[in-house]
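A.B. asks: Next up is a structure, given as C-alpha cells.
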C-alpha cells in the first residue's frame, strides 16, 4: 500500500510538472517592464520553434529562456 501511494505521488508530480511546462510554452513573449536589453528566447507556438526577443530585465512571464537549448528542451519536443 505504501509503495502504491509513493508511485501515485510521483506520477502526480510528473503530471503537474509536465502541465506546467506545457502552459509556460503557450505564453506569448513578454518584454517585461525594465529598461534593459537582454537577448532571450521564447517558444513561438504558432511557428513551433524557439525564437529570440529582447527582454527588459524585470517582470515578464515564464516563457523566457537564457539559451535556445533551454527553450528547446522545455518546449520544442525535440524539433528545434
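Glycine is treated like the rest: Cβ placed from N, Cα and C.
Sharing the record's features from Swiss-Prot:
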- 1-21: signal peptide (SIGNAL)
- 25-75: disulfide bond (DISULFID)
- 25-75: domain 'BPTI/Kunitz inhibitor' (DOMAIN)
- 35: site 'Key residue that directly interacts with the S1 pocket of trypsin' (SITE)
- 50-71: disulfide bond (DISULFID)
- 72-80: disulfide bond (DISULFID)
A.B. asks: Do me a favour and check the Cα-Cα span between residue 75 (disulfide bond) and residue 50 (disulfide bond); whole Å is fine.
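C.D. replies: Each residue's Cα considered, residue 75 (disulfide bond) and residue 50 (disulfide bond) end up 8 Å apart.
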A.B. asks: So for residue 25 (disulfide bond), how many other CB atoms are inside 10 Å of its CB?
C.D. replies: 19
A.B. asks: Distance between residue 25 (disulfide bond) and residue 80 (disulfide bond) at the Cα atoms, whole Å?
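C.D. replies: Spelling it out, the Cα of residue 25 (disulfide bond) and the Cα of residue 80 (disulfide bond) are 13 Å apart.
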A.B. asks: With every protein chain in view, how many other Cβ atoms are within 10 Å of the Cβ of residue 75 (disulfide bond)?
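C.D. replies: Result for residue 75 (disulfide bond): 23 other Cβ atoms within 10 Å.
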A.B. asks: In this structure, which of the disulfide-bonded residues 50, 71, 72, 80 has the fewest other Cβ atoms within 10 Å of its Cβ?
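C.D. replies: Per-residue Cβ counts within 10 Å for the disulfide-bonded residues 50, 71, 72, 80 bottom out at 80.
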